[in-house]
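Pulled from TrEMBL:
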{"type": "COMPBIAS", "residues": "1-27", "note": "compositional bias 'Low complexity'"}
{"type": "REGION", "residues": "1-84", "note": "region 'Disordered'"}
{"type": "COMPBIAS", "residues": "41-60", "note": "compositional bias 'Low complexity'"}
{"type": "COMPBIAS", "residues": "74-84", "note": "compositional bias 'Pro residues'"}
{"type": "BINDING", "residues": "HIS292, HIS341, HIS407, HIS588", "note": "Fe cation binding site"}
Amino acid sequence: MDPFSSSFLSSFSLSNLPLTLPPSTSSVLRISAVRIEEKPPTSTSTTTRTRTPQPSRRQIPSPPYPTKTKPISTNPPPTPKPPPSLAVTIFNAFDDIINTFIDPPTRPSVDPKHVLADNFAPVVDELPPTKCTVVSGVLPPCLDGAYIRNGPNPQFLPRGPYHLFDGDGMLHVIRISDGGATLCSRYVKTYKFTIEEKTGSPVLPNVFSGFNGLRASAARGALSVVRTLTGMFDPSNGIGLANTSLAFFGDSLYALGESDLPYAVKVTADGDVVTLGRRDFDGKLFMSMTAHPKVDYETGETFAFRYGPVPPFLTYFRFDSEGRKEADVPVFSMTTPSFLHDFAITRKYAVFAEIQLGMNPMEMIFGSGSPVGANSSKIPRLGVIPRYAKDESEIRWFEVPGFNIIHAINAWDEDGDDTVVMVAPNILSVEHTLERMDLIHASVERVRIDLKTGFVSRHPVASRNLDFAVINPKYAGRKNRYVYAAIGDPMPKISGVVKLDVSMSESDRCDCTVATRIFGPGCYGGEPFFVAKEPNNPEAEEDDGYLVTYVHNENTGESSFLVMDAKSPNLETVAVVKLPRRVPYGFHGLFVTETNLKKL
């Protein structure tokens, strides 16, 4: 799962007050309290990296680089930081009291020893552009550009409760050109990141793990108020992590997280990543935006929304083909706050899902749980609104009992625009979404809404535990046939990818899996991404392209970039790129063509 609802908790912010690779020298990190233990390297050939000590920074050893890799660009050594100020020392002492006596990390979902185990552990330093080795096959010419994967990588080792969704955003970018590749890993320089880097310690409480119970919420909230009053940070500049996904629209590339505005980033010619800054689109976008905007390939428009704990609980909006934001459409017919992480568009409509996950204030006040939880008495609904609506007068809501989606795969119109079809993974155990992700099972379903009669029908597409599903981006909002989904084994670890033919569910209620690729023993990957072989060829077949993803081998401690043939019967390997260091598991990714990179 990804951090699908930080914006939903914004009321707690002060702004509201078999791929088996050969052994290598890489190490697998394991978190134990505040100590990191390294798995012994499988080889002794290493080079030495030095780093100037920084007071109060987490002390996590970085896996050594293989001797054959050389950075093609370097940054100046970090300037030694002065000792923390008296105010910082005092605030950190209060933090320790809260983390030790008021709200210690007693549950596995917020215990760093559990959450940051294996390849979920953060990497210590940013990695400048570093040459990679293609160890198998050849990188296709259509991959010239950059594959970028976002995900959490905490700047500091957690001193108290920590949830998987709470880490600072780090972009892992593999830049491909003329069959060669470089890897670069950089933090998104959000306001939160830069303030905490300057301070030398965490300043803002974690959204998902910082508000467990009334006492913990009150204590951390009061400490944040004091930090604000002393000028340590200004919450109006944003509190987000930008750790969830990426989007390219209006000739700009954005790192996204739902608790803040988009952050514009740039990939340079040598493969480095630069954060350009927080964007409010000429003051027209405020507070937050979904991490899953939808880009219409044909019109160039981008559709998005925000949601939160106060009315209107949902606000819909769009950007034109030049990236200019249009007017908000507040939706007051959503009468209770609901997790709304993703949505779908068709040529004519936008489709929103109101699910059973929502605010859980009683658990926070009288218990020690998260302020977000499941409401089993609530009936999920799908809302269908014209995608160019000026207001919510034409929205229609349809009850769909038992249909709880976190991610939407795609939607389209049928029968002369009188029917909307949506494909999405249905979370069958929604109560485990935040606390026990290993117990989550998501079954991909095809939902058909007859707008004339109001009748809603559902058909299974696959019974396997699948999520993080993608399509050929050209088919967003259009009827597509193929879906590529990650296999939870269990979630959040991903053991492979499947190819689904959703057209098979139209005539027969059968499993629509037509191809499967398992990464291999001890190997886990992430969300796949589809890259068309001929993106500008209108005659190209829908599945004529490649699937790309990062894969980590927990047996050897090595990570790789894997390219698969999306059209082949078994999603066969086209190329494998050995990465110069470990890439932690993360969330969503994006491929940006060379042509689009030059526009940044």
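The chain as shown is numbered from 1 upward.
Keep in mind that glycine also has a Cβ here, set from the backbone N, Cα and C atoms.
Sequence features annotated in TrEMBL and their locations in the structure.
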| residue | record | Cβ within 10 Å |
| --- | --- | --- |
| HIS292 | Fe cation binding site | 23 |
| HIS341 | Fe cation binding site | 25 |
| HIS407 | Fe cation binding site | 24 |
| HIS588 | Fe cation binding site | 23 |
